[in-house]
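Residues annotated as transmembrane segment in TrEMBL: 6-28, 62-81, 93-115, 135-154, 174-193. What TrEMBL records for 264-539 is domain 'Sulfatase N-terminal'. Residues or ranges marked as Mn(2+) binding site in TrEMBL: 272, 486, 487. The active site feature in TrEMBL is assigned to 312.
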């Protein structure tokens, strides 16, 4: 039988710990803001302050949701524990066991945000396979931050020590307190009395969409975000009508299509974390990549190139399947990865092409070896193959894989040993955190530059030496080189720290035999245009266009201004000409605005209205969602 008077010690102790937790979340938000400040430099002080204050609402929602088991425990303990000291110890241990993992996750998200430009949910755990061997190195790299975090966490736990209290209340008042607490918890989790419960997209509504990531907390994003959240759409009566709305132009009228008698080789070079701002001359600095910049002057260079995702694992599907990332989950780790799609290597294999994929990291990294096989590549060359062919090498960077310079030389030699024609993809790795340089460059290469810029410069040198080797090989002249990036790197110039700027990458088509002449285009292009472009150039478009997804188009087509599709801040975005159309995932709110981006000149298209662009974006989303959910792209 419960005692007639019940202790308030547990309730008061919980209240104290919850207050400490709210303060902790506020400190984490401040740490998030200052560590990632370059992404928010365009916001006013008033907007930033408002975002911090609005964030308390989101913190309360997350904290109360996480602590429901602890709150229930608080009201059960007085009924079963007469010894307050033991009960309070159990309460404190339970509280911090529940909350510490979310605090640690929030800390990790502060450091991970620069690489994705968004608050991260379950997808962070997908990275475990790739970084588990580097946990020690990562803690060492962020030693001061990690130490400060650990000391702060221990201090918070000590400050919030639970102590017995002499206050008691009757059982009837205790029951009322329980009901009152339940109402407060429900309202807190809902975020108030509004019609719909609090969602992450509410953070974009006030004070501004660009401050949403300050307002949010990582715990709430983790709780609210589903791993894969595609729902079928019916804006168009049939998917065929959606196809007709966008009228995909995959067949090019270009006069640049290769007309030689021998089938041309194709080499796709994907540069790790290579933002446009690294290549372009800017008011604040000259190009960090003099070789790539000089090569761009000899080919068809698209300065308005866009990555369809924000991670390496998104780039490979976009570049080879032509599928954009239009959902929270990455495609190759989603339930849709087994859908029937035609990869560029598979298509070209039917026309006598051998294919190979090179990536200097350990085999299995990002599942690239499995993805390459699924795409139809004949051979995969990773660190395992490099180690086997170079048994006594010292080219391992100690973290990720083989340094770019020796690995690119290795790729050139391998390509020199296979029969033509071939399709080859080479994915570099060196411009990646922790930005390691080979020993011979550490004391000489731009020693005053930040570590990331030094590896950008090193990757450019490695690329230059690759071309110096390749141009001596018999396959070189009859080759189309497609050079681009997997995604942008960390921002150097705050003008590029925007929704569009975080997707801007260089795209270059270069042919040593000058089949494609030198020209700098202001057309908008994207990674998913590469499959159509390659087939267009090698003369296989007419035969194989039915195996292309409808999202991309040939960069060689002269009758289009180009467009780009991507997913950012829980919004689908369509960039077409000088217009940007965006639609919120949660409520389908859609809007079209004029482009206003730093140093970005594009071809305008006055023939299409905002209403038509919104219709196009809906068509793309319906085709994407329904095609993946039903596995109906190629029936």
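Quick reminder: no glycine exception, Cβ is built from N, Cα and C everywhere.
What TrEMBL says about a protein is an automatic prediction, not a curated fact.
Not measured: the values here are computed from a predicted model.
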**Item:** Positions whose Cβ lies under 8 angstroms from the transmembrane segment (6-28), at least six residues beyond its ends
**Value:** 52, 55-56, 59-60, 62-63, 67, 70-71, 74-75, 77-79, 84, 87-88, 91-92, 95, 99, 103, 106-107, 110, 152, 156, 159-160, 162-165, 167-171, 174, 177, 217-219
**Prompt:** If you skip the near sequence neighbours and keep only those at least six away, which residues in the chain come within under 8 angstroms of residue 312 (active site), Cβ to Cβ?
**Reply:** 272, 366, 427, 486, 487
**Request:** Report the residues of the chain - excluding 272, 486, 487 - with C-beta within 8 Å of the mean position of the site's C-beta atoms, for the recorded Mn(2+) site, in sequence order.
**Result:** 270, 271, 273, 274, 307, 311, 312, 315, 485, 488, 489
**Message:** Using Cβ atoms and a strict cutoff of less than 8 Å, what residues sit near the transmembrane segment (62-81) while being 6 or more residues removed from its termini?
**Reply:** 2-3, 6-7, 9-11, 14, 18, 21-22, 25, 87, 90-91, 94-95, 98-99, 102, 174, 178, 181, 185, 188-189, 217, 219-220, 223
**Request:** Would you identify the secondary structure of the residue listed as 'active site' according to DSSP, in three states?
**Result:** helix
**Asked** 272, 486: which of these binding-site residues has the highest Cβ count within 10 Å of its own Cβ?
**Response** 486
**Request:** For residue 487 (Mn(2+) binding site), just count the other CB atoms lying within 10 A of its CB, please.
**Result:** 26
**Message:** For the domain 'Sulfatase N-terminal' (264-539), report the average pLDDT of the model, please.
**Reply:** 94
**Asked** What does DSSP assign residue 272 (Mn(2+) binding site), in three states?
**Response** coil
